[in-house]
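Worksheet: the structure to be examined is printed underneath.
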Amino acid sequence: MIKLEKEIISSSQLNFLVIGFVTGGLVTVPYSTQIINQDNWLAVIIGFILSLPMVLIYIRLAQKFPQNNLLEIHDVVYGPLIGKLISAAYIVFIFNLLIYNLVYVGDFLLTYLLPETPMWIVLLMFTFVCAWAVRLGLEVIARVNPLFVVITLFITFSTMTLLIPEMDFSNLIPLFDTPMLDFIQGVHIMITIPYLEIVIFLFFLPNVNNKKQIKHSILFGFCFGALFLLLPIIRNTTVLGSLVGILTSPSYESIRLIDIGNYLTRLEVLYAIALIIMLFIKGSLFYYVTVLGIAQLLRLRSYLPLVVPLGIIGICLSLIVHESSLLNIDTTVDVWPFFALPFEVFLPILTLLLAKIRKLPKQTRGG
C-alpha cells in the first residue's frame, strides 16, 4: 500500500482544513432550508450537537490506529478481504461526494455568475484547478488553505456587519414552527451533509505531525466551522424572513441588498468568491482521498496516474446528474442522508467496537 509519511501536515493546518471543510457546507444548507424554512438555524445547532459524539468516535479511531488511515484500519479490523470490500464502498461514497460537489459548483455559477456558459466548461475549469491541487499533494493544499479560510471569514464578518441595518431578529421566531417530521429531516440533512462528511479526514490523519494535537485540532476546527456555518444562516433569516425558504442561494440574495450610499454595492461577488474557495477545498479533499484510496486498493506506487482519468469520469457523471436538477434536489434531500449513514455513522461505530472487542493495539506496525 502507498504510505503517506512524506506528506506531513501540522496540527494547525489540520485545524484550518476542518474549518474550511465544514464552512463549505454552506452551499447545501438551502436544501434543508426549503424544508424547515426559518427554523434552519435551530437545525444547524441541534445537528452540530448530535454530530459531536460521532466526531469523537472518528478521533478515537485515529488515536487507536495512529499510523493507519481508514483503509488500513479496515484491513486490520475486518481482515484483508472484507476490509477491502468496505474500503471500496467508502471510495465509491467519497467519489459520489466529489461528483455532487462539482454539481453544486456548476449550478451556482450557471445560476448567478455565468448563465451563458456551457456546464461542461464550468466543470472542466473547476476540476482542472482541483486536479492541479491534488497533483501537488496534501501538503500544498494544507499550506494554502489557511489563507483561503481567513479570506472567507473576513467576507462573512464584513457582509454581516454591513447588513445589520437590514436585520429583523423577530424573523427567528416562533421557534420550532415546523412540523416535527420535517424538522427531524432538516436536522438529519445537516448532520450527514455539512457535518459528518469530515469522516474523510480519517484517510490522512496519519499525516499529522503531532498526533497528540489531533483531538484538539479537529474539535476546535469543527466547532469554529459550525459557528461560521451558523452565522450566515442567521444573517440570511433575519434579513430575508420567510423568503429564505424559497431561494436557491439565500446568502447571495441577502448580500445583494447591501447598498451603502449607492457606492458600496454588488458585494455578492465577494460571497461568490468565498463560496468557490470553500468548494475548491472540499472538492480537492474529496478528489485527493478518492485517488489515494483507489491507488491503495490497486497497490499502485503512486496515485498521480489516476488524477486525470478520475477527473474526466467525474465531469461526465456530474453532467449526467446536472441534467435533472429536480431529481438532484430530491436525491440530496430524501435519499443521500440515508445513503450516507452507513459510512458516516454505522461503520465507524462498528469498526471501533470490533477493535475494542478484539483488543487490537493502539499502534499497529505495517498496516
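Positions of Cβ are set from backbone N, Cα and C atoms, glycine also.
Since this is a predicted model, take the numbers as computed values, not measurements.
Database features, via TrEMBL:
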| type | residues | note |
| --- | --- | --- |
| TRANSMEM | 12-29 | transmembrane segment |
| TRANSMEM | 41-61 | transmembrane segment |
| TRANSMEM | 81-105 | transmembrane segment |
| TRANSMEM | 117-134 | transmembrane segment |
| TRANSMEM | 146-164 | transmembrane segment |
| TRANSMEM | 184-205 | transmembrane segment |
| TRANSMEM | 217-234 | transmembrane segment |
| TRANSMEM | 269-291 | transmembrane segment |
| TRANSMEM | 303-321 | transmembrane segment |
| TRANSMEM | 336-355 | transmembrane segment |
What same-chain residues lie close to the transmembrane segment (217-234): Cβ under 8 Å, and 6 or more beyond its ends?
11-12, 14-23, 25-26, 29, 33, 40-41, 44-45, 48, 51-52, 55, 58-59, 152-153, 156, 160, 172, 194-195, 198, 201, 208, 250-251
Using a Cβ distance cut-off of under 8 Å, indicate which of 184-205, 269-291, 336-355 has the most pairs with the transmembrane segment (117-134).
269-291
For the transmembrane segment (41-61): best-contacting stretch of 12-29, 81-105, 146-164, 303-321, 336-355, by Cβ pairs under 8 Å:
336-355
Which residues, given as numbers and ranges, are at least 6 beyond the ends of the transmembrane segment (81-105) yet have a Cβ under 8 Å from it?
27-28, 70-71, 74-75, 122-123, 126-127, 197, 200, 276, 279, 282-283, 286-287, 289-290, 293-294, 296-297, 310, 314-315, 317-318, 321-322, 328, 332, 336, 339-340, 343, 347
Ranking 146-164, 184-205, 269-291, 336-355 by the number of C-beta pairs under 8 Å to the transmembrane segment (12-29), which range is first?
184-205
Of the listed stretches 184-205, 269-291, 336-355, which one has the most C-beta pairs under 8 A with the transmembrane segment (146-164)?
269-291
